[in-house]
Amino acid sequence: MARNLPWVLLIVVVSCLVSTLEASDGDSDPLYKSCVDQCQKTGCVGDTCFQHCKFSADGKAIDGPWYMQEPLYLRWKQWDCQSDCEYECMMTREEERKRNGERPTKYFGKWPLKHVYGIQEPVSVAFSALDLAMQFQGWVSYFILVYYKLPLQPNRKTYYEYNGLVHIYAIIVMNSLFWSSICHSRDVELTVRLDYSSATVLAGFSLILAILRSFSIQDQSVKIMVTAPILAVVGTHILYLNCYNLDEGMIL
């Protein structure tokens with residue numbers, strides 16, 4: 001382990017020196033901002049008008065009766081006047097950019113994608129769901145292999161010393177993919193926080209497992225020395241994202 005310590009330190013130092021990526025700001029376009037402001041006042045973008053703009057942010061009717069409000073099963077995605085206006089103005093602005101021969105740009109750190117049945121990123125949702133299914137199938141196959149096909153110790157434990165960590169890793173991966181699917185479907189504040197927090201946990205645990213496996217660390221005290229600082233960084237980062245600043249640019 002002592003011989004490998006310099007390499008571990010080198011990896012950590014290089015990781016700290018990697019610069020963060022900044023998302024481009026198509027939403028700062030004056031034409032886009034003007035379109036959104038006008039839409040929120042009139043409730044329309046061109047010939048397209050929105051029922052949501054007849055209600056305040058808390059869901060109370062402004063100029064319409066209560067029965068015109070959408071039912072709860074349709075409101076879970078939290079589409080409101082602002083989000084509808086932002087989406088329609090984004091698509092309108094991108095059509096103008098396309099006619100002018102300009103390249104697409106990002107809005108709020110994301111590429112302009114067309115919604116399908118209210119789902120923001122249908123392709124991403126599909127791939128995340130398929131990835132989740134494959135991860136679950138792989139986890140079940142691993143479970144069957146180590147407990148039913150390979151020999152076990154007399155106490156019914158496996159000979160593979162990292163078996164418990166592999167199970168934890170599989171659960172963390174599936175949890176991350178689940179929230180990724182939900183967030184790609186509709187990125188409200190709650191789903192974004194759960195998605196980013198789950199991804200942070202996955203990145204931290206992946207690093208822990210990679211170090212333990214790569215250097216065949218068996219000693220319990222050394223495992224704690226490797227794990228504790230990484231868990232501290234992961235926990236601090238999650239607290240920062242959820243309690244101080246949900247910085248999407250830093251995450252990207």
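Yeah, the Cβs are placed from backbone N, Cα and C, and that goes for glycine too.
Any TrEMBL annotation is an automated prediction that lacks curation.
Here's what TrEMBL has on this protein:
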type: SIGNAL; residues: 1-23; note: signal peptide
type: TRANSMEM; residues: 132-150; note: transmembrane segment
type: TRANSMEM; residues: 162-182; note: transmembrane segment
type: TRANSMEM; residues: 194-212; note: transmembrane segment
type: TRANSMEM; residues: 224-242; note: transmembrane segment
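Residues 193, 196-197, 200-201, 203-205, 207-208, 211-212, 217, 251 of the same chain lie 6+ residues outside the transmembrane segment (224-242) yet bring a C-beta within less than 8 angstroms of a C-beta in it. Within the chain carrying the transmembrane segment (132-150), a Cβ under 8 angstroms from the stretch's Cβ atoms is held by residues 158-160, 163, 166-167, 170, 173-174, 177-178, 181, all 6 or more beyond its ends.
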